[in-house]
Protein chains: 2
Amino acid sequence: MEFHFLGTGSGVPSTTRNVSGLVVRFLQKKSTQWLFDCGEATQHQILHTPISLSKIERVFISHLHGDHLFGLPGLLCSRSAQGAKSPLTIYGPLGIETFIETALNVSKSYLGYEVSYVPVHEGVIFEDATIAVEAIELDHVMPSFAFKIIEADKPGALNVEKLKEIGVEPGPIFQRIKNGEVIELEGGKMIDGSKYIGENKIGRKIVIAGDTRPLKKMKEFSKGVDLLIHEGTFRYDKKNHADQFGHSTISDVALIAKEAKVGLLILTHISSRYAGEEEELLEEAQRTFTESLIAHDLMVYKLMNNN
Amino acid sequence: MEFHFLGTGSGVPSTTRNVSGLVVRFLQKKSTQWLFDCGEATQHQILHTPISLSKIERVFISHLHGDHLFGLPGLLCSRSAQGAKSPLTIYGPLGIETFIETALNVSKSYLGYEVSYVPVHEGVIFEDATIAVEAIELDHVMPSFAFKIIEADKPGALNVEKLKEIGVEPGPIFQRIKNGEVIELEGGKMIDGSKYIGENKIGRKIVIAGDTRPLKKMKEFSKGVDLLIHEGTFRYDKKNHADQFGHSTISDVALIAKEAKVGLLILTHISSRYAGEEEELLEEAQRTFTESLIAHDLMVYKLMNNN
Ligand SMILES: [Zn+2]
Ligand SMILES: [Zn+2]
């Protein structure tokens, strides 16, 4: 999985950080892409990446503030102009459909593909055979959500060597062994398939949080995840300010990451007041939790498979 | 007057041309600024210019296609975030208020200044003591307008030397002479004020057109203007294509400019298919009308005073 940080600033765009946008690229799934938040000019940032709009299948909007939302009508139209035919699903708080449909109607934009809307609520909001997305509500000045991407565990590989030793050759029987069935071999010997399968490959888990004050339940929600992507709008000395506007400080979030024992914390949604102070931001995070990074625009983070 | 070309492309943004946006800066009027069209990321382009959002007083939207409109909600919010208090007037086709108000409501954006909406129609849509704006409807696939900025003529200067010769010294009488009154001097001599005023300074006239097929009445509307800013989406060999989508070719527009005897033609809204072919575009325009330019992003054109 690749994480393309398109916009890592907060509120208004600056020359160094655009407003929020993040694409997750599933390398194993035909480069399927999911977009998380879509501030203005997200499509412009995408022009500098290998991301193709037509491969974006799902869009998750954490909350409806403009810096997370206003790039979506233009991105939808450009996706159509580029010839995309595949449907797109938009997950977002109530109100998102009104905004998008008004923008498309007023501008007489006819998309060449189907758009459907799924209102976000706490719990599982998407699930297929290999992946699920679970949401929790955060604590911002308007409804705001965090999303957890949960990769299904994969069964371990067949131990082909061990099977050869007892005289079992590749063939249809392999599938039955993989299923863990108890099987009678020719000659009457019984084998327990589950004994010939390696350990499960544990799926990866990633939490991507929208704007929020630091939240106790985030510790539970992101417990042991491989990657936590969380806003850290301010430094610790702006704690009161952060609280007033429904945001977190870097120190707050580093503590959550530490207590949740996440694999890596990437901080984003950085206030433009800290332009040029990236090292200080990183220091503040790493003082509490070593495995921290400060995102920057067009940064790509590649999360490896487990095992 | 300075013309800042923020976006000179058509339809979708590319790495070389953003979608439509143009700021007119009135150097004599305390740097008052007017914005013409506001495609996505117009505010991002403004970050690379001396333009300040708070000094934008009026926004004119030629038509409601997304590439001329979708940057407006974000720009309004950033203008507020920057502390602007002065009111803003938006001139646009019916539907613009619905789009903007929906965007602001859904995103819970509260602006720190007043916004008012003026539906555009043919005729004079704005007028004060020094300037007026007149609109005509164009021929696009949806209602689309061109705007003519008309600077009022200014009375010529008093001929102070000539007045001295006949013994008239500076004083309150100068204002009456300026008004062109017939005045009795001390000693009974009558003078005609109008004889002591220089020639009127002719105000400048600029036409800024939205998307359109080439239009006969444009020749009349832009007759003798100092500057015509007009779309030229395609080259002449794409004439049928241009017609189908409601656009003009560069050759079409150069002919209009020639017949209208405009001072200068600046072509914009250039299709991204011509990236790297700017010289060929310019040649096509100048073959018909020498005083032509092809706009590029962040180009600044300074229009001097007449006389
Ligand atoms: Zn927010
Ligand atoms: Zn158009």
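Placement of Cβ uses the backbone N, Cα and C atoms for every residue, glycine included.
Among B:Asp128, B:Asp139, B:Asp211, B:Asp226, the residue that TrEMBL places alongside B:Asp67, B:His68, B:His269 at the Zn(2+) 2 binding site is B:Asp211. For the Zn(2+) 1 site that TrEMBL gives as B:His63, B:His65, B:Asp211, the extra residue drawn from B:His140, B:His296 is B:His140. Checking each of the binding-site residues (B:His63, B:His65, B:His140, B:Asp211) against B:His269 (Zn(2+) 2 binding site), the C-alpha distance stays within 10 Å for B:Asp211. Chain A lies within reach of B:His65, taking the binding-site residues B:His63, B:His65, B:His140, B:Asp211, B:His269 and requiring a CB-CB distance under 8 A.
For ligand 2, the neighbouring binding-site residues among B:His65, B:Asp211, B:His269 are B:His65, B:Asp211, by Cβ distance under 6 Å. The Cβ neighbour count for B:His140 (Zn(2+) 1 binding site), using a 10 Å radius and every protein chain shown, is 21. Taking the centroid of the Cβ atoms of B:Asp67, B:His68, B:Asp211, B:His269 as the Zn(2+) 2 site, the other same-chain residues with Cβ within 8 Å of it are B:Ser10, B:Gly11, B:Val19, B:Ser20, B:Asp37, B:Gly39, B:Ser62, B:His63, B:His65, B:Gly210, B:Glu231.
DSSP gives B:His65 (Zn(2+) 1 binding site) a coil state; it is part of no helix or strand. Note: the Cα of B:His140 (Zn(2+) 1 binding site) and the Cα of B:Asp67 (active site, proton acceptor) are spaced 14 Å from each other.
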